[in-house]
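Working notes, structure below.
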């Protein structure tokens, strides 16, 4: 790598664009003083990133832009470009030629380019790191820099060796790592602060979030359980609705059927009643007809008996006649003789027969009459018996009905008495339940009032908690801000105090003495006094040189300090020793307007420092304005210095100094002291404020705890009251249900009483009717029985009379018949005896005729009997038929009466069922409407819970409601819940996790950076120590070569701490005693510097090197040595020298000349042939 050329356009004195081409070897740029040749090196330093304009001999950035001259306009920009050959890829860029450019405009805006691509200054610095090229590298030696190398501190020498060792990039990495580490530590501290705050918030919000999650979970459980209960209740109630609707429908159908049955039964009852009435009329008619028919039948029976007896008599007579005829025919022959006897006997018998025939006729007539009476009585008795039987049956029925009515009436009366007792009992129960309900309602009302008071208290407590929470949040935010400001301001104060403790801002020598902890050193003067702010400008202007004087006990301490400064080579310092200070006690009071007083009287200090304060400030008069100062000076009122508040200074001899006040090192110290005071005040106030806020926060927190505890107690009390209220509500509901049931029972009892009363009235009517009917029937029955008894008596008497007559006249009749028969026999015998044939024929003819007549009579009687028989049969059949018909009709009547009673009972039962059915339907409608209302309410509740998931119940509704009650109690027991806390906690957790992960990353980064720093330090130490040893050998060699066998070496200041140790250049010239480099001549210093640079080149030659008048202090011999040594390195490095030396010019490979147009202030480049 080497420098191919440089382009300069508008930079300093180069108004127009110039281009310098460089080859390998030595290139010298020559020109008279002031021609601008050093501006070329300045341009190189500038383009390489020099930021200190002082190092390129400019006051400010605009000074590097061509400012114009006669007839030459100033440039608006300055541009410098370096073209570097990079074929060997020394620079980490792929291009073979690398162009580095820097540009600036009038606004002091810098632009940097690498290969015409905009970049950062840092990119350029990193590009040349460890190449030996750079704004501060040993390859660029400007004017006066050789001596600077010699007088450099051991730390600076070490820095140059580090550049040669190639560890600048590594050190830069280390510095970056340390910066990163500092940033990481700072960030870690900040994050720890944030983490602590987040942890506090997280813990607080976490509790709220946990409570909110618990609340949401419970709320979800409550809503899920509610929905499940509602769904189950909806299902159950819907089922009940369906069942009730079905029951209602069925009941309506049953009621319709009952109404239909009732109508049908009433119609049937009316029909039965009509039938019964018709049948009763028919029976009465048939009975009347049947009685008449019975009479006819009985008459026919008598006739039939009579004619039968007659036929029998005729048959007996015929038979007898036939027998007699046979006897007569058989005895005619035998008993002719007895005719007389027979006739005599006949006469006797006839006489007897005549007597018997009157009695017989009388008997038959009497018997006939009695038999007629007997038949009539028997018919009448039969009818009466039937009537008696019917009446008896009716009576028994009426007795049974009366007994039944009496029993039913008695039963109903007993039931009514029981119902009255039950009514009294239920009334008492209802009265008691009403009283209990009133008590519960009063108790519930009182509890609700208490709950309302509790709610008001809770609301008030919650409001107070909200207010306290708001105040706490405000205090927390304010405290957080105060804590942050306190931390920030505290850190600032700490840093300032550290700066003050480290005596930063003091002159190098002063700082070194103050930091050396030398006994007897009290401190810098500025640190021992307290200057009011309004006097700072005046005192700084008047005694700026004395403010950093070091106050010591005595001059001996001052000498020790000076010796320390010499040994340490860290600068100079002035001392105020108590024993060497001489005071001029010429202070006198000046009474004039505008005079503030002597400075020593206006500043604050410890009395032990009175002498140094009087020494520095005792003769300095402070006034308000310049006019006042001038007047005092002119009037010789004060012979010392006078200073105004604005900083104008008038010396005792009249010199006036003033103008714009420029901040000095003392100003920085003043500012720092002021800042420390301000910050101490601010920190104190912030600390006080933080404590006040802490106290307020703790006070509010305590109050909140009290309110929360109070709220917790109140919540517990409320829960207890609500439990009591719910218990009362449940009891009230139970009592209301019981009351409703008891009232319902009472109504049922009243209905039963009414029903039983109606039954009693109805049965009393029935009893009255039955009693009346019974009385009538019994009266009729008694009469009928009396008549029947009388008739029976008559019949018995009649039968007895008939029997008596039959007994009385049976012998007469028999005698009559016998006599009659005997007469006939006698007559036949007489006829037979009178003439067997004639009499026999006559008698026979007569007998035959009689027999024929009898036969004819028999036939006639038979016909009449047959007719009577037929008539009897027909009439009897008719009678039997009618009797059976009457019997059947009576049976039918009984059946109809039974059916009528049955129908009446059925009608009553149906009527009762109708009433019950109507009541049942009413109850069903009430229940249905109530249940439908419940279903609608449940559906409304379910509509609210539409988004809640459905889950089946694991237990009964009652058990689930009990669980729900406990869940709701737990839910209410949670009290005030911040539901936003969950999201806030999630955000805080995310933030906390993010921050903690960042913190963890930072901790890992910190460990990684610490490890990296440790590794880099090992690398640096290894590389540095290796370079140090090689360069030490090279320096020893170069000292022998360049410095005529002089001894040179590099010496580590601290062998134990190579990384922090500085390096001293140690040189002993031949034939000279060892002495400090600072005591060497200019030429010797330059040769030592060159030997050191060559030692570096031997270790690591720079690709291109710039020397600006490096040989200025060398004699010709040493110049030749220098050029010779440079020539040795031209194969490894390119040298560009700015020189006035002819020997250098002569031995250069290329020469450029630079001239200056004084009028224009413009430098021109001239190529010079070698």
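For all residues, glycine too, the Cβ spot is worked out from N, Cα and C.
Residue 35 (ATP binding site) falls outside any helix or strand according to DSSP and counts as coil. Listed in sequence order, the residues of the same chain lying 6 or more apart from residue 35 (ATP binding site) and placing their CB within less than 8 Å of its CB are 1154, 1155, 1156, 1163. What TrEMBL lists as ATP binding site is 32, 33, 34, 35, 36, 37, 38, 39.
Residues 126, 129-130, 480, 484, 487, 988, 991-992, 995-996, 998-999, 1002-1003, 1005-1006, 1009-1010, 1012-1013, 1016-1017, 1019-1020, 1023-1024, 1027 of the same chain lie 6 or more positions beyond the ends of the coiled coil (167-201) yet place their CB under 8 Å from a CB of it. Per TrEMBL, the feature coiled coil maps to 167-201 (among others).
What TrEMBL records for 241-366 (among others) is coiled coil.
Look at TrEMBL and you will find 416-478 (among others) tagged as coiled coil.
The coiled coil feature in TrEMBL is assigned to 676-727 (among others).
Annotation comment: TrEMBL describes 781-909 (among others) as coiled coil.
Taken from TrEMBL, the feature domain 'SMC hinge' applies to 519-633. Note on the domain 'SMC hinge' (519-633): DSSP counts are 52 helix, 21 strand, 42 coil.
Residue 32 (ATP binding site) is surrounded by 12 other CB atoms, counting those within 10 A of its CB over all protein chains shown. Highest local Cβ density among the binding-site residues 34, 36 belongs to 36, counted as other Cβ atoms within 10 Å over all protein chains shown.
Here the Cβ of residue 38 (ATP binding site) has 22 other Cβ atoms within 10 Å, regardless of which shown protein chain they belong to.
Figure note: comparing Cβ neighbours within 10 Å for the binding-site residues 33, 39, the maximum is reached by 39. Each residue in 13, 31, 1154, 1156, 1163 lies on the same chain as 32, 33, 34, 35, 36, 37, 38, 39 and has a C-beta within 8 Å of the C-beta centroid of that ATP site, without being one of the site residues.
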